[in-house]
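TrEMBL annotations:
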type: TRANSMEM; residues: 28-47; note: transmembrane segment
type: TRANSMEM; residues: 59-78; note: transmembrane segment
type: TRANSMEM; residues: 84-100; note: transmembrane segment
type: TRANSMEM; residues: 112-136; note: transmembrane segment
type: TRANSMEM; residues: 142-168; note: transmembrane segment
type: TRANSMEM; residues: 188-205; note: transmembrane segment
Amino acid sequence: MANFRVHVLGAAIPSALAAGLAIAGGLVTPQVGGVCFGLGVLGGMLPDIDADNSVPTRIIFGALAVVAAVVVASALHVDTAPGLVALAAVAAFVAIRVGLRGFTAWLCVHRGLVHSLPFAALVGAIVVCVAAQAFHLGPTQAWLAGLFLTGGFLVHLALDELFSVDLLGARMKRSFGTALKLGSRRQLLGTVMLYAGVIALVRFAPPVDPLVRDVTSKRTRAAIAATLARLR
Ligand SMILES: [Zn+2]
């Protein structure tokens with residue numbers, strides 16, 4: 001199993017490169033690009049939230065709870081009484097800090113469902129929906145934000161698999177094959193719920209076509225080439 005520092009670096013380097021390209025290509029504003037980078041790094045830490053009391057677990061749930069409180073408050077503040085906004089923000093904080101953490105602890109044996117491909121898709125899909133609904137980002141930026149989180153998550157799973165191969169002895173450790181998987185036979189119900197959640201969120205998310213069009217467009221490539229030329 002790869003350690004915490006390997007996971008943070010392993011996610012940070014490709015995230016920084018990808019965010020730089022996305023900004024250079026004009027796909028995201030610099031602010032959103034920065035958030036995308038942060039999401040990529042977060043994705044690299046996120047899978048180990050199933051290791052009950054690890055440092056990343058405490059950091060991540062604390063941070064997620066704060067983010068949830070801010071999202072709820074900024075979504076409500078326009079036409080809700082300040083007292084209610086504060087109450088809703090506190091409720092969101094507690095729901096994440098206590099509720100979600102308890103739920104994941106129940107859901108996951110370490111290296112259970114959380115270390116799986118559908119979970120990687122689920123967290124990304126949640127970000128796409130939140131970015132579009134709560135922060136009113138356009139489809140391209142919203143999808144990119146979700147892809148960064150899923151991408152960091154996938155890097156983590158790949159690193160876990162890599163480190164479960166004993167490089168010197170060239171033999172597999174017992175943990176091989178426990179990180180990159182499509183689900184868990186021992187947690188069938190949870191696996192089905194995961195896939196259902198991903199499908200529901202993707203249907204609720206904005207269309208993905210604008211992202212595909214923007215990423216493959218000549219204008220994006222030209223903008224990236226122009227930025228690179230200026231750097232030289
Ligand atoms: Zn892991």
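Each Cβ is built from the backbone N, Cα and C atoms, and glycine gets one as well.
Keep in mind that TrEMBL annotations are predicted by a computer and have not been checked by a curator.
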What residues in the same chain, six or more past the boundaries of the transmembrane segment (142-168), come closer than 8 Å to it by Cβ-Cβ distance?
1-2, 6-7, 10-11, 14-15, 18-19, 22, 27-28, 32, 35-37, 39-48, 115-117, 119-121, 123-129, 131-132, 135, 175-180, 205-206, 208, 211
Can you say which of 59-78, 84-100, 112-136, 188-205 has the most Cβ pairs under 8 Å with the transmembrane segment (28-47)?
112-136
Same chain only, please: residues at least 6 beyond the ends of the transmembrane segment (59-78) with a C-beta under 8 Å from a C-beta of the stretch. Say none if there are none.
42, 45-46, 49, 84-86, 88-97, 100-101, 130, 134
